[in-house]
Amino acid sequence: MGSLSESHTQYKHGVEVEEDEEESYSRAMQLSMAIVLPMATQSAIQLGVFEIIAKAPGGRLSASEIATILQAQNPKAPVMLDRMLRLLVSHRVLDCSVSGPAGERLYGLTSVSKYFVPDQDGASLGNFMALPLDKVFMESWMGVKGAVMEGGIPFNRVHGMHIFEYASSNSKFSDTYHRAMFNHSTIALKRILEHYKGFENVTKLVDVGGGLGVTLSMIASKYPHIQAINFDLPHVVQDAASYPGVEHVGGNMFESVPEGDAILMKWILHCWDDEQCLRILKNCYKATPENGKVIVMNSVVPETPEVSSSARETSLLDVLLMTRDGGGRERTQKEFTELAIGAGFKGINFACCVCNLHIMEFFK
């Protein structure tokens, strides 16, 4: 009689590989229920669980203690919280120790969950997580099969318009979108500014598609000599806060961009197809002097699929883009180089990679 843990032999690149059938089944089941993890994490964020643990003496609390701090009226709250937190421990989002004769579980933060606690600037990835889990985004997945079979953009098929049109007409979704970008930019830029020194000799910097201006505000704060222009659609910049040294300018990057000796684009090119990217980059080329440069911050997808954490993150983002943008996608180093050359730039320098954002300099 066969074992419940039956194994079979596979070959990978000519080498025998033993794969445990139980492990394969478990992984398939986990994929079938994968939505549970982000939803449980978001629930913990909404309840403020990570902040509560972060503020606790010793940095550890039981589910009962968390429920008390939350002033939960539901008598089953401690049990419900404990079940959610146990799941997060199994994915290393939290860690756990057992205390006392009753074996009470005490939960603490890990290096992952610290990103769901607002930092000194109030930024956390919890606000970023709210975007892909927003009802508007979630509904877009219902349009993927039809888009594959018949064409079109999943988001457009479901909502009847492009995501940026939708955001301009739906203030709630627009707030969620820009809050996500604000928080991601705040967290990423702090670390980028520690490693990337390419702004030191810039005198006039234009952030194309800069949203509410948080990216430029952080750069201008570190480099106050820079004349900073935050450039985005008029309805976007009209809601932007005032920052020292930052001027907000409304316009359309497909028509023209303000002049500067350096132009910055963070998470912009991956929103558009190659033809649209070339239009944007050619406008940037025209707006920079002979010794100018365009600084692109974007994920870079490996030439062949990988299983590293960064490659998984990039692939997740790439497929997310597929649901909302017609030609938007993550690109390889080779594809970015081809875009740079195609727009007239002489070359590209891959300066560094921080927070899975590759900082690329396109030189004239």
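Yeah, the Cβs are placed from backbone N, Cα and C, and that goes for glycine too.
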Out of M218, M253, which does Swiss-Prot tie to the same S-adenosyl-L-methionine site as G209, D232, K266? M253
Annotated stretch (region 'Disordered', per Swiss-Prot) among the listed ranges 1-20, 321-340: 1-20
Quick check: in three-state DSSP terms, what is D232 (S-adenosyl-L-methionine binding site)? strand
Just how spread out is the S-adenosyl-L-methionine site if you go by the largest Cα to Cα distance in Å among G209, D232, M253, K266? 14
Shell of the S-adenosyl-L-methionine site beyond G209, D232, M253, K266, same chain only (C-beta within 8 angstroms of their C-beta centre): D207, V208, G210, G211, F231, M265, I268
Looking at the binding-site residues G209, D232, M253, whose Cα is closest in space to that of H270 (active site, proton acceptor)? G209
Counting across all protein chains present, how many other Cβ atoms fall within 10 Å of the Cβ of G209 (S-adenosyl-L-methionine binding site)? 21
